[in-house]
Amino acid sequence: MGKKLYHGAAYYPELWDSVVIDQDLQLMKETGINIIRMGEFAWSTLEPEEGKIDVSFFAELINKFYENGIETVMCTPTPTPPIWMTHGFPERLFVDMAGRRMGHGSRQHICSNNQYFRERAAIIAEKLAKGLGSLPGLIGWQLDNEFKAHVNECTCATCKELWHKWLREKYRTIGSLNNEWKIGAGQPAYRSFEEVPVPENTASFRSLPLRMAYRQFSMEKIAEFADEQAEVIRQYSKAPITHNSSIGFHVDNERLFKNLDFASFDTYATIEHAGAYLINCDIWRNLKKDKGFWIMETSPSFSASLEGTATPHPNGYLKAEAAAAYALGSEAFCYWLWRQQRTGCEQPHGSVISAWGKPAIGYENVLEVERMREALEPILLSSQSCQAEVALVYSDHAKAYFQNGPFKKLNYRGFITEFYQQILSNGIHRDVIQPGADLEGYKLLFTPYLPSLPEDAAERARQFAEKGGIWITGPLTGDGGTAIPEDDDELVLEQKYGEGKIVQLHFIPRSEEEKKRLEKIIDQYANEAGVDLRMDISPGTIAIPRKAEGNQIWVMVNMDGNGGEIDLPFKGYDLISECAVPCGKTEIGKFEYKVLQSFESHSPAVS
Amino acid sequence: MGKKLYHGAAYYPELWDSVVIDQDLQLMKETGINIIRMGEFAWSTLEPEEGKIDVSFFAELINKFYENGIETVMCTPTPTPPIWMTHGFPERLFVDMAGRRMGHGSRQHICSNNQYFRERAAIIAEKLAKGLGSLPGLIGWQLDNEFKAHVNECTCATCKELWHKWLREKYRTIGSLNNEWKIGAGQPAYRSFEEVPVPENTASFRSLPLRMAYRQFSMEKIAEFADEQAEVIRQYSKAPITHNSSIGFHVDNERLFKNLDFASFDTYATIEHAGAYLINCDIWRNLKKDKGFWIMETSPSFSASLEGTATPHPNGYLKAEAAAAYALGSEAFCYWLWRQQRTGCEQPHGSVISAWGKPAIGYENVLEVERMREALEPILLSSQSCQAEVALVYSDHAKAYFQNGPFKKLNYRGFITEFYQQILSNGIHRDVIQPGADLEGYKLLFTPYLPSLPEDAAERARQFAEKGGIWITGPLTGDGGTAIPEDDDELVLEQKYGEGKIVQLHFIPRSEEEKKRLEKIIDQYANEAGVDLRMDISPGTIAIPRKAEGNQIWVMVNMDGNGGEIDLPFKGYDLISECAVPCGKTEIGKFEYKVLQSFESHSPAVS
Amino acid sequence: MGKKLYHGAAYYPELWDSVVIDQDLQLMKETGINIIRMGEFAWSTLEPEEGKIDVSFFAELINKFYENGIETVMCTPTPTPPIWMTHGFPERLFVDMAGRRMGHGSRQHICSNNQYFRERAAIIAEKLAKGLGSLPGLIGWQLDNEFKAHVNECTCATCKELWHKWLREKYRTIGSLNNEWKIGAGQPAYRSFEEVPVPENTASFRSLPLRMAYRQFSMEKIAEFADEQAEVIRQYSKAPITHNSSIGFHVDNERLFKNLDFASFDTYATIEHAGAYLINCDIWRNLKKDKGFWIMETSPSFSASLEGTATPHPNGYLKAEAAAAYALGSEAFCYWLWRQQRTGCEQPHGSVISAWGKPAIGYENVLEVERMREALEPILLSSQSCQAEVALVYSDHAKAYFQNGPFKKLNYRGFITEFYQQILSNGIHRDVIQPGADLEGYKLLFTPYLPSLPEDAAERARQFAEKGGIWITGPLTGDGGTAIPEDDDELVLEQKYGEGKIVQLHFIPRSEEEKKRLEKIIDQYANEAGVDLRMDISPGTIAIPRKAEGNQIWVMVNMDGNGGEIDLPFKGYDLISECAVPCGKTEIGKFEYKVLQSFESHSPAVS
């Protein structure tokens, strides 16, 4: 890894015969696919009966594809445990917070804390690692798939027992738990850990501390499972390990990826939500800072997994997405899925080729991505992502708080993305970081929508301000999330703090007017903080700085299909067209990308 | 049957005393009611304790009404099993797919596959058939009422056992089942039939093959129950047997009516959905081709069963509905219900007379229906429905597919009705047929929205085209239902096939523009196919051809209350007004009906 | 009670340390708070382990606050039974109609019919009454809090047993029950009371008689619990007893308050629903006619308990609310809550001061209420509420009927409030009375939306008309609630009855035109009935008459913040500004209140 830009697809050879597989191999080569991901749903293929495990099918495929220039990320198959694991063992099944036991027939139907499941998962991972871990074509591992995408917290008997154990380890005494939790009228006191329920049916007033603790328990347990699996694999394979995650799932990605080797995610945003796509790139690049991240799944055309109809991306948008991702630090841009399913609920999902082996809708766009990838590869492999001067904190705990808390209708992801959009509109290069991230190197820090800002994060932010940074906090941060009424007159509160400043925002930018106001505030403080890594661009176009040897390059991408304009502060050179570009206004076409190199002294400094 | 046009109502004498019943008899005679339907909810009246069955109450009533010119359709009372059948026997109750057991107190609360229920149902049917089956007033039987209207598939322990048996009979080996089902990523392989679950709680990705198979199992089982009941009755009664069904219920009507004698349905469409009303007439006429169908239930005024408010039909619409139904082949036009309930959730439902015996809203319209019926009866009894030249396939399996499949938001009934509407707008006489129907005699065949077109139906359609027919297929047909993206540029694909043609439609007509486009395509191919049975009429008016002795008549009905215009291709004679009608444009009044007979040689040929 | 106007707040000292409590006491004095309510969620504080009860904490507080001029309403703590009562005893928990058992962690999670719960509730009530009942600072008791606010009918095994007992007592024989219930097609007959189910999962057609009977059972049982608790308290305390109820909960307030001493309620209407606020004042004043009522809970600023955001009251509205309440007969105007919670789902709820002891949003409005209270207190304590000449019947049984009945979408509270609004728009002083209320003294009676008007109430209404009153009934009254179709032409039907009249309304006033029509009808019959207690005021301002010694006063309040105009029929004197006011038009400012006294002979007579 790190030696090429990957262009790939998810592949399910276990569903097809060898004639189709040969056709696929040929078509992938024609298309420019250089990486496949396999195996995440193949447990019943690998182990049709308990203990009868055979990985040779995949070993042969990995070798065959490698011989044809296509490398492999292999997955552990734990999202779909075979029927023999649950039939006759209802106690192993997932139970939701309403007490409903999940049935077989979909995914994630087992309790991932079940001891027997953990044992079988370790055995299948070991067999895969032993059998495939040293193959030259295998360049990475993916654990499971989309943890907690389809389910939330399990409340089965196993979980209940582990919950009480977890509470005891966390709080030591029941008095300590009561002290932390018993702070709202009508909240109960417990006499022992055994009395603390799992979240269940209650009337409208839920216990927020109970819900938040249970979510944390669940998020730690799934990360613990990932740690266990990674440990097994590392005994037999040196290939780096990731997980295909998302900020939409019920996980704490900061914790989940702590012991994994690189970050991957899936995304299915439409062009209207290009901001949601870009914030993801900025989040995942910063999750494992020293490594490139992967877009492990995205649609080659449209996302219609469970919807009745969907509008495909406009022609050209896929290329813009991929160019932006590569320039923002992605090592890979992979589709779900290569070949359309022949049946099942995901049959209408976007694919590269149809079930009968013909180009599917969007195929021309995939070819366009490949041409762009070839053009950008030498430029991007010889340059690196720049750390931004501006950081925005994203928190899965805050997301959980808003989901469980009193603000029933507040959507954390929507709010944070909207906030991010105003940074983007200012043409500012930005990192989106986790609450536990180091703040070294930043000039401007944003912490909106963090009701329960952890004390260590707050301390780091204060030190950041003390040393001269500008810390802009709120709305809804650090006060347990008291709703700010709409006609509050104090708007922005600013105070000196050490050599820097702390600024409090007291409004939620919802109307167009409020969004404009936030955009201006960001501009004002970015100027005050001396933020240089920004570019004067028209809306809908983005500018991404990268460090090249002894110089700096900017990748420009038009994301909205309207084309745009960049006001270049330097005289540059277009590395794609190989033409000089004058200082001042220059145009960019619909979904076009440009790479501009500056040779002048007044170009923005590289951090 | 077949000797008169019936005008009737559902009647619940078990709820009233003899004074009221005498009043009802008198009022029915005044109103023109000549048929009543009784008994479907009367099980606890007929058999208040297990085994104590007495049918004499109904025997006396049937005789008494018959003596007064009113005939009877008697129902088996199985939708409402008495409390003694379930109290203390929860295992006999219906269990839904979320695992919730139904309680007593409504309808269809028992599992209709329960062995004890089947036994008791056979006994009560036998007693009714023995006691009433030879009475001269009894002209027909209705089994149960609205099978699977209020519930879907049951998942109780009995059903689970029968399901495994059914699977074994259908697939023979578990490998064969796996082979047919295991074709989507993440779908499980089963080792035995016992392992195959009933559909239960799962995460968002459901197993479509499992769901579809279970629906089919359920639809076959309810038809099997109908077969059993019919067999019992036929031992003691020669009266023909039907069921009061609907295309809205969870049944396969093609299978359900296979062993029954004539087709009946209920309908509660408002005037805005006149198309939904008409498609029903065209469906049910073709379900049992050699027999007239019955409208067993419709509202005399408005449908407000469970709604807070409802707008009554505009005056005149009821007559237009009834005229259209009789002309389209209905032998009966019956209301639900005769006398308003005194309480309960259906108290506000439209009725002919109020609970206190006075004319209810719409009563004048009922009298108007009766006058129309008297005028049309001699004409319609001396003529027959014409087979159409154009056929549209309607499929309950396709409906089930869209309900269970990935296209969560696609409404099959809405789509097919909208498609039908464009045939109607062309003034074309049409049959709406089942997938298994014979295609003899048709010139133009439409098969839209059939994702899993059965191979035998496809073969019949190919032969139809080979012999010169034009087969227009799609959208969403035969390809497992892949969603067609909205900006697909191929629209209509046409290919020669034998002496005929196969045409593929690739767009879903949703916008007004797309509907117009479909309307034009239909017109073009109807011309090409040489469809004669059509009439140039203004929108909102329909023209129904019928074969009369040595000639042809057309029944025209204005359905939208705006009146309209017909461009007559022949010089005719108005059988109602007894006036000659010139060739060319002639007007029709609001909700008016006309019967025009042609004497000229250039009139459309009768098929 | 009765010697001052109370201005108060709910207080939770069990959640704070003594330093905070001392600060609260000081702040309350500064704010003008003279009453606190405590204890309703404090059971686990009072009795942390079964049988270890200590009430001294509250005893000391009541004394301390009393010494500082602040009196106390003490609550029984039964809405939040401690964990020791349910942990390990699932059979004590509430079970809803879908069969789901409630878990611990919120409120009202226990079955209030459970025998053990009743015993423990009696013991804690006795200890509180013994320990606090004679303290001089304790001026009243509140039983529990918001009965049946968060839950509806329980269906646990205990309830099922009591249900059968209740049915036997009510109907005596199962035949009698069947006779009353078995009057709709498809309804079952029962052979014993044991067979009658509790309401459970059924298909769409529910049994209305079963549902209504079960609601009545549940409403009687919760009132029985209140009776039991009151009886225990009265053995040791002479302070009057109330409950904090609402017309939104699943209770029959007429029955619930029968054996209590005074009426209290909570309300969280926004200014857009000022009509809903005022109808409450008119309802609760008439529930216990000889006593002032209490507003036990309202928000000091905005209601955002479970919502994401909320708009605070406009400045001045809180004062207008409080002035209207006091003038309409309220003895108290109390906030929920004094000090904001530090966490939990109600943390964002409006409060008087913040969690950290600073004025919260709306604090200035609270001070404004206090200044108004001081100005009005001498005037209101020396005058009394007038009985109105016009009565509108409000019924919790009708509300239950519409919730359970066939009219799924009809909202009783919305309809009755809209009807009330048209009386209000006429400037007419009105009482809103219970179905069982005496009609003595009224001239005009309205009984809209009472589908099952009880026979005794109908008899009283007929006698009222016979003696000369005008009884206006309908829409949807007395006929089991048959929906009136929208284009019914009969509108208002009027008939002489004795010396008076019975008028039937046959339309639901929904459009603006229909509302205007109802307003005119009310005006016409108010004139005909000789209603004098009314005032010609502009919309958004109200006029409240009160009896003063030998004279009459009118309290005017502008509720909509737009100011308004009053056309005074007398020359008066403004008791607040101490100026004379001429006969004819006079203005009132935004949210202003005025008290006008008449000295002239043509002033409206005091009833």
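Using N, Cα and C of the backbone, Cβ positions are placed for all residues, glycine too.
TrEMBL lists A:11-372 with the feature domain 'Glycoside hydrolase family 42 N-terminal'. What TrEMBL lists as substrate binding site is A:Arg107, A:Asn145. Taken from TrEMBL, the feature Zn(2+) binding site applies to A:Cys111, A:Cys154, A:Cys156, A:Cys159. According to TrEMBL, the feature active site, proton donor maps to A:Glu146. What TrEMBL lists as active site, nucleophile is A:Glu297. What TrEMBL lists as domain 'Beta-galactosidase trimerisation' is A:388-478.
Filtering of the recorded positions A:Arg107, A:Cys154, A:Glu297 by Cβ separation from chain B (threshold: under 8 Å) yields A:Arg107, ordered along the sequence. A:Cys159 (Zn(2+) binding site) falls within a helix when secondary structure is assigned with DSSP. All protein chains included, A:Asn145 (substrate binding site) registers 26 other Cβ atoms within 10 Å of its own Cβ. DSSP assigns the residue listed as 'active site, nucleophile' to a strand in the three-state reduction.
Considering only the binding-site residues A:Arg107, A:Cys154, A:Cys156, A:Cys159, A:Glu297 (active site, nucleophile) has A:Arg107 as its nearest partner by CA-CA distance.
Using a CB-CB cutoff of under 8 Å against chain C, none of the recorded positions from A:Arg107, A:Cys111, A:Asn145, A:Glu297 qualifies.
The CA atom of A:Cys156 (Zn(2+) binding site) is located 22 Å away from the CA atom of A:Asn145 (substrate binding site).
Packing around A:Cys156 (Zn(2+) binding site) is summarised by its Cβ count: 23 other Cβ atoms lie within 10 angstroms of its Cβ, all protein chains included. Ranked by CA distance from A:Arg107 (substrate binding site), the recorded positions A:Glu146, A:Cys154, A:Cys159 have A:Glu146 at the top as the closest. Across the fold, the C-alpha of A:Glu146 (active site, proton donor) and the C-alpha of A:Cys154 (Zn(2+) binding site) stand 16 Å from each other.
The Cβ centroid of A:Cys111, A:Cys154, A:Cys156, A:Cys159 marks the Zn(2+) site; residues of that chain outside this set whose Cβ lies within 8 Å of it are A:Phe94, A:Val95, A:Ser112, A:Asn113, A:Asn114, A:Thr155, A:Ala157, A:Thr158, A:Lys160, given in sequence order. Long-range C-beta contacts of A:Cys111 (Zn(2+) binding site), restricted to its own chain and to partners at least six residues apart, with a cutoff below 8 Å, comprise A:Arg92, A:Leu93, A:Phe94, A:Val95, A:Phe117, A:Cys154, A:Cys156, A:Thr158, A:Cys159. Counting residue by residue with DSSP, the domain 'Beta-galactosidase trimerisation' (A:388-478) contains 35 helix, 17 strand, 39 coil. A 10 Å cutoff on Cβ-Cβ distances gives A:Glu297 (active site, nucleophile) a total of 22 other Cβ atoms nearby, all chains included.
Ranking the binding-site residues A:Cys154, A:Cys159 by how many other Cβ atoms lie within 10 angstroms of each Cβ puts A:Cys159 at the bottom.
Most other Cβ atoms within 10 A: among the recorded positions A:Arg107, A:Glu146, that distinction falls to A:Arg107.
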